[in-house]
C-alpha cells in the first residue's frame, strides 16, 4: 500500500507543503533545503532503533550498525571544524545549549549573553527561556550608532556582572563576531566562553567566518540553517570536557538519540566537507550582500548595522508606514517568505516588531545568484512601496512565483 493510500490526509498535506516550498521564495534565515540523501536517512529504518548511550557503549543490544553511523557523524563533524571532541546527539540547538549550560554551570550561576533585541537567541538568557529561569541572566547589546558589538562595553559589563559563563553568537546579527575578543573578556573575569554558532556554522565550515572551535570552551550549533542538514543540534569542545558534556546530554537531558536524524547529520557533514560546499557558502554571502545593496539604495528601508558579512540582515521598516508583522504578511501574500524581527532598542511588541529578517541560505541552495537576489530585493521594495495596490501586488506575486519555479529544488 502506498503512502497516499495509507494516509491520504497526511500525504496530501505533505504534497501541498512541497508545492508551497517550490513556488515561494524562502528568505527565512534559519531555513534551508536538505538534500535527498539527508531526507532519505531520516525516513530510513534507523528510526526504529533505540540506542541509549554512546557508540560502542550502549545500554541496548543490536546497536552495531547505528554505532557505525553515529561514529561517522562524530568523525566528520570533528574534521569539519577541527575539533577534539564532538557530540551529535542533541535533538536541537536549544537542547545543545541546555546541555552545555548543565555541563559547565550550576543552577543560579550567572550568564552574560546577547539581548534578544540585539540579535540574540531565547536560550542566551531570555527571561521566558529556561536559560533565564535556571540561571541569573544578564544581557549585552550593541553600540547605538554602529549597531555592532561593542567589545569594550561588553568587557565593562562582564567586570560588573562577574558571570560564570559568557555566551557569544546570535540569531539575527549580520556582522563578523570576534571570538578572540570574547575569549579575552572571559579570561579576564574567569568565565567559561560558550559560542552558539547555529546560524553561521556553514560559513565557519567553509572558512568564511572565524572559527570559534579551539577558542571557546564549548561550541554549540544546529545542523540545518547554513549547514543544510537535518533539524538537530551538536556540541563541540575539548577532549578534557568530553565526559561532563556527554553526561549532560545522556542521561542529563535526553534519553535515546534519534539515530535516523544522526544519519542525516552524517550525510550533511560529508556534503559540507566537499569542495563545492565552500562555493555554495560564498554564494550565500554574495547573495545577501547583493540584496542589502538594493535596500540601502532606498530612502525608507534601512539595513540594520549598515550591511552584512554573513547570510542575513535585518530591515528597519519604521519609515515605510508598515511594521514587521504587516510586512511579513504582505510578503507572504506575494509568495515571499520572511519573518518579523525585533530591532535594537525595539519599542514594539515581539509579536509586531519594527523590522523583518532576510536570509539567503535557502535561495542559494536553489541556485539563485546575485542577479536573482537583487531581483527578489526589488520585488520586496515594490511590494512595500505599493502595499495597498492590489494590481501591483498581483504582478509581484506572479513574478516571484515564476522566479521560484525556475529554481526548483529536488
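The backbone N, Cα and C atoms fix where each Cβ goes, glycine too.
Per Swiss-Prot, these features apply:
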BINDING   116, 120, 121, 122, 349, 350, 351  (6S)-5,6,7,8-tetrahydrofolate binding site
SITE      224  site 'Plays an important role in substrate specificity'
MOD_RES   225  N6-(pyridoxal phosphate)lysine
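Features as recorded by Swiss-Prot, highlighted on the structure.
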residue	record	DSSP (3 states)
116	(6S)-5,6,7,8-tetrahydrofolate binding site	helix
121	(6S)-5,6,7,8-tetrahydrofolate binding site	coil
224	site 'Plays an important role in substrate specificity'	coil
349	(6S)-5,6,7,8-tetrahydrofolate binding site	coil
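The Cβ of residue 224 (site 'Plays an important role in substrate specificity') has 27 neighbouring Cβ atoms from other residues within 10 Å, across all protein chains displayed.
Take the CB of residue 351 ((6S)-5,6,7,8-tetrahydrofolate binding site) and look out to 10 A: across all protein chains shown you find 8 other CB atoms. Working note on the recorded positions 121, 225: by count of other C-beta atoms within 10 Å of each C-beta, 225 ranks first. Here residue 121 ((6S)-5,6,7,8-tetrahydrofolate binding site) is positioned 16 angstrom away from residue 224 (site 'Plays an important role in substrate specificity'), judged by their C-alpha atoms.
Within its own chain, residue 349 ((6S)-5,6,7,8-tetrahydrofolate binding site) has no residue 6 or more apart in sequence whose C-beta sits under 8 angstroms from its own. Highest local Cβ density among the binding-site residues 120, 350 belongs to 120, counted as other Cβ atoms within 10 Å over all protein chains shown.
When the C-alpha distances from the residue listed as 'N6-(pyridoxal phosphate)lysine' to the binding-site residues 121, 122, 351 are tabulated, the minimum falls on 121. In this structure, the binding-site residues under consideration are 116, 122, and the one with the smallest number of other Cβ atoms within 10 Å of its Cβ is 122.
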